[in-house]
Structures are given as structure tokens and as C-alpha cells.
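For reference, the structure discussed in these notes is given below.
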Amino acid sequence: MRDATGLLAGLPAGLRASLAACLLAGPCAAWTSEVRAGETRAAMVVLPPVVTDAELFDATGRTVRFRRDVLGQGVTLVTFTYRGCVTLCPLSDVIAEHVEALLEKAGAGDVRIVTLTLDPSGDPVELRRHAEQIGMSPRRMLLSGDLRETAPLLDGLGAPFGTLENHRLFFLIFDAKGRFVDRVALDKAVPEDIAARLVAISGR
């Protein structure tokens, strides 16, 4: 299985160059070293997330409940992003985009990809602007909300609010009934593997 560095080989040249620079220097290099150093400890215990039914909004201003309207409506991949991050979040977004393309190719376009912001936003306009800036597909659901709603949700999912320089990124897989299936670390995320897992769970 390839790690995040190996993933770069399959990306367009422009993205490959910028993401390679991220992975080989600065915050990404420190993060990768820290993750690998703690890999054994992290692998020992993988606890299911505690999912609250937080009230959130999407980039159109539509209000949704996370458990009622997001999970349990189909197989779901949950990703995270921090608005303004130029180090790890672009890599996470590229992986999600690649997974989305693979799902459509496999005829599993109904598998949901949901991205939660790790910084609170009270303005759907800002959320929409962020989605446009990163070129997010209209099929993906970008969600944020008031701090009182998002903080307990993110804490329960294992991705508490961080700072622009220090925040956690990984992928969570839920089945069609909203039950937790797996957590995939960012440096172990291979789009082909994630897409294949989602397709298998969806029964195709």
C-alpha cells in the first residue's frame, strides 16, 4: 500500500509539485514524522467516534442535522478541512476529489463525500467562497456551523478545533445506516483503496 508521498505519482504535474513541496518540508514533514513515530500507539486502539446530531449548514445556507440528514442516508466518507490552510488540507481535498472520480467511474456516484470545517463559520457565503477557491465539486457537501454545535461534533469525531498551523486530518467511513466502519490516517490514505472500500460497503 502506498503512503501519501506515493500518491503524488498519480496526480497532475502542477498539483504534484505543490503537494510534494508540502510533504517534504515545513509543517508537513514535522507532521509526518510525528505520525510515524506514534503509529504503533495509535494503531493499538481505534475507538468508534461519538456522533452528535449537530445542526450545521452547507454552502447554500441550507440547515441540516448531521446524524439525521447526513449520516444514514447512504454510505458516507467524512473528510475535514481548515479554511486558509495551505499545507495538509489541500492534500486531503485532492484525495477526496480522486475518490469521488473513482466512485463515479465505478457507478457508485451516490456514495456521499462530506467535508467538515475545523474552524467555525457563521456565514454560508464564506463557506461557498471556500468551496469555490478549492474547486470543490457541487456533489460534495461542505458543512460548518455555530461553535456550540460544531465543537461537540468535532470532539466526538476525534477532530477537535485546532489552529491554522496545527489541526488533525483523517478520513472516516460510515455505512448506509450511519454506523462507523473505519478511520483512515491522512498519510495512509490511498484513493483507490478508499474508493474500493466504499464501493464494497455500498454492495456494488
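For all residues, glycine too, the Cβ spot is worked out from N, Cα and C.
Here TrEMBL flags C85, C89 as Cu cation binding site. In three-state terms derived from DSSP, C89 (Cu cation binding site) belongs to a helical segment. Neighbour count (other Cβ atoms within 10 Å of the Cβ, all protein chains): 24 for C89 (Cu cation binding site).
The disulfide bond feature in TrEMBL is assigned to C85-C89. Every protein chain considered, the tally of other Cβ atoms within 10 Å of the Cβ of C85 (Cu cation binding site) stands at 21.
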